[in-house]
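Noted in TrEMBL for the protein shown:
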- 141, 142, 170, 171, 172, 173, 256, 259, 281, 323, 351: pyridoxal 5'-phosphate binding site (BINDING)
- 17-28: compositional bias 'Basic and acidic residues' (COMPBIAS)
- 118-295: domain 'Aminotransferase class V' (DOMAIN)
- 1-28: region 'Disordered' (REGION)
Ligand SMILES: Cc1ncc(COP(=O)(O)O)c(C=O)c1O
């Protein structure tokens, strides 16, 4: 583990480290954003019932201490303003009913429901580095991957038909690719190319390895589907280099940005990414199962024919369509002739859930308050580096019980560090962390993922986690060795 330290050394979990962490938190210009979030108390996360009263953030009588939440890679915390925006939405529905679709209310910060998707696109575009017309807030991640493939994956079994993806892709991506191939009557064993590292047992893939596989299949690969950040290892791929390399060889490139969006800086337009999809419940804090998003590069969404043309279907690339993707001017004309909106919005199917979008946009307001992804990433780099250093500073005995799987090069990771535990320790570690009010997530058989999110985590969270983790390792080892 080499690279410039965030801080002069202070033994992990020592008073010294905590003092320094507090100082870093005091100096943090984004530190106040923590107050924008509902951080559960230790009492709340231990409780098996809803709190009395309507507020999710009731003061616990026995403990008002916040839990240590390092799990934004799985589910982001709830912004406080989500409740306000949702009750404004509910109030609009209650008092305006169908008029909510088109009637602006003078004192409401919310757009009319007909415009809600456009407002969301404006807010997400800077987060993914796209033109507003290149993004659509719609559906969910896996559905969007299917929709993108339905639009852009047009295989020819005798020429280009293969899809390249990782061998350890998130199962939903694997299933989506496998079933797309079957849908086209192709044999997955022949048309699916699985990227597997020759040198890393954790399947940390170098850019060279990926480009090597692209070269091997440059004649017959149609599509490359990769995650911006790998969910298990936390590896951040070089999206720009890989995209350029694949495209120069005639391969269409789609990125799954589930773990990258709201986590690292993205420049999808500038990097020439063909298309991408993401969910909004992780670093975007939209809430569980919240609406997803899609990017389609402007080069891929042209509509070349006028709406009055006799054969409008020839003026755009084919896709699975619905009325919400139809040009707004003619959408309500109720004609059975599909003419898509130019841009990503032309890939929408249904009118979107306003409930979902309202929830997502409440969180995107906090991103605006943060001043954009540049500032967040800058803090995130320091925070994760600090976590790495505190782990490195643990006692030799504890360090012998885990290893960091995520690349140590900060350019190759986002907020998350994945820690591989010694065999038989996972259950005991998770139980002890939970007992101490520390929330991280687990991936069986023996990995925990720890993700300090710069919007609401601070340096003291990291020190608290490392202290608890040391204790959890000792307890888990004792329990394991007692059997
Ligand atoms: C990398 C990745 N791909 C796909 C998915 C599936 O997302 P969804 O259930 O929103 O389709 C997830 C969910 O966590 C994920 O992490």
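Note that Cβ sites are derived from N, Cα and C of the backbone, with glycine treated the same way.
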**Message:** Excluding near sequence neighbours, so keeping only residues 6 or more apart in the same chain, what lies with its CB under 8 A of residue 351 (pyridoxal 5'-phosphate binding site)?
**Reply:** 323, 324
**Prompt:** Which residues of the same chain, at least 6 positions away in sequence, have a Cβ lying under 8 Å from the Cβ of residue 256 (pyridoxal 5'-phosphate binding site)?
**Reply:** 141, 145, 170, 173, 225, 226, 227, 228, 276, 277, 278
**Prompt:** What three-state secondary structure does DSSP assign to residue 281 (pyridoxal 5'-phosphate binding site)?
**Reply:** coil
**DSSP-derived helix, strand and coil totals, residue by residue, for the compositional bias 'Basic and acidic residues' (17-28)** = 11 helix, 0 strand, 1 coil
**Request:** Filter the candidate list 141, 170, 256, 351 of binding-site residues, keeping only entries whose CB is under 6 Å from an atom of ligand 1.
**Result:** 141, 170, 256
**pLDDT averaged over the residues of the domain 'Aminotransferase class V' (118-295)** = 98
**Binding residues 141, 142, 170, 171, 172, 173, 256, 259, 281, 323, 351 (pyridoxal 5'-phosphate) - maximum C-alpha distance in whole Å** = 31
**Fill in**
Using a 10 Å radius on the Cβ of residue 141 (pyridoxal 5'-phosphate binding site), the other Cβ atoms enclosed count 23
**Fill in**
The answer, for which of the binding-site residues 170, 281 has its Cβ ringed by the most other Cβ atoms inside 10 Å, is 281
**Asked** Which ones in the same chain are close to residue 172 (pyridoxal 5'-phosphate binding site), with CB under 8 Å and 6+ residues apart in sequence?
**Response** 141, 142, 145
